[in-house]
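> First, the structure itself, so that you have it in front of you.
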Amino acid sequence: MATGNLTHVTEFILMGVSDRPELQVPLFFLFLVIYLLTAAGNLGIITLTSVDSRLQTPMYFFLRHLAIINFGNSTVIAPKMLVNFLVSKKTTLYYECATQLGGFLVFIVAEIFMLAVMAYDRYVAICNPLLYMVVVSRRVCLLLVFLTYLFSFVTAIVVTPCVFSVSYCSSNVINHFYCDNVPLLALSCSDTHLPETVVFFFSATNLFFSMIIVLISYFNIILAILRIRSSEGRKKAFSTCASHMMAVTVFYGTLLFMYLQPRTNHSLDTDKMASVFYTLIIPMLNPVIYSLRNKDVKCALKEFLKNPCKRFNLI
């Protein structure tokens, strides 16, 4: 495949979650269950928010797109991961690896900004309830979703070619269960200053602006809730954003844990565990978080299960 120290790598080997042979089959079944639950939960949210008339508000429009993003993110990662648990040679082709990295970046950046959009939506709903449907109009909803996907595609289109523009040495073993930029750049035998700078710039910019939107939105939400005199009113206002607060805390908490580790304690193995959480566990948990405390979703699910044909207008 190559001569000398420099090589034109045509494929990579993914080490996976664990390299212990006795764990491969148990891990396969564990992550298969996680992926099936993720697919069922998110496809369920997409279906319910599409067919039920009560779930046609901006909040559920954004929730539908979050479910699409969560399903897409886990689908980019899980199938290849599951196959690799069952084969002895865990290889991925060069362009397959690039495609996976691009897909991952699209969905992870889209999730970052969709959570920010949903925080803004909750801010308007609680702080300006009378103007909610005017401020968060259909046109505004479409614009916010369009911008979310635009930022995510721009990130993927710029970062992915940068990561794959470097030269790779004879080692092609990626210490990860999918193609991610940090372990890929760690394999390079050429100067990685430019791609590392590009990766840092986009990561920091996307995380900073999305977190600013979330923090400002929830700062104003908390102030608005504290100004409500009745305890019943405060409880009702808090319940409208409790699910989103939980999802935001879990997601951003995982990302901050990864990026704010001291340099001396940072390792690719730690990144792997964090990556399992935000690529597979969080997409599985989000449908549960948003449905358990939501009466409208639970009622819609009960009615859909009673007569799914009617909901799809098949009878």
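Every residue, even glycine, has its Cβ placed from backbone N, Cα and C.
Under the heading domain 'G-protein coupled receptors family 1 profile', TrEMBL lists 41-290. What TrEMBL lists as transmembrane segment is 27-49, 61-81, 101-120, 141-168, 200-226, 238-261, 273-292.
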> State the residues, same chain only, that lie 6 or more residues beyond the ends of the transmembrane segment (238-261) and have a CB under 8 A from a CB inside it; answer 'none' if no residue qualifies.
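Distal contacts: 111-112, 115, 118-119, 122, 125-126, 203, 207, 211, 214, 218, 221, 225, 270-271, 274, 277-278, 282, 285-286, 289-290, 292-294.
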> Let me know the model's mean pLDDT on the domain 'G-protein coupled receptors family 1 profile' (41-290).
89
> What stretch, picked from 61-81, 101-120, 141-168, 200-226, 273-292, has the most CB pairs under 8 A with the transmembrane segment (27-49)?
61-81
> Mind checking which residues reach the transmembrane segment (273-292)? Cβ under 8 Å, same chain, six or more beyond either end.
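Long-range Cβ neighbours of the transmembrane segment (273-292): 17, 31, 34-35, 37-38, 41-42, 44-45, 63, 66-67, 70-71, 73-74, 77-78, 104, 108, 176-178, 180, 243-244, 246-247, 250-251, 254-255, 257-258, 298, 301.
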> Against the transmembrane segment (61-81), which of these stretches has the most C-beta pairs under 8 Å: 101-120, 141-168, 200-226?
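If we count Cβ pairs closer than 8 Å to the transmembrane segment (61-81), 101-120 scores highest.
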> So if I exclude everything within five residues of the ends of the transmembrane segment (141-168), which remaining residues of that chain have a CB under 8 angstroms from its CBs? That is, six or more out.
6-7, 9, 58, 61-62, 65, 94, 98, 101-103, 105-110, 113-114, 117, 120, 181, 184-185, 187-192, 194-195, 198-199, 202, 206
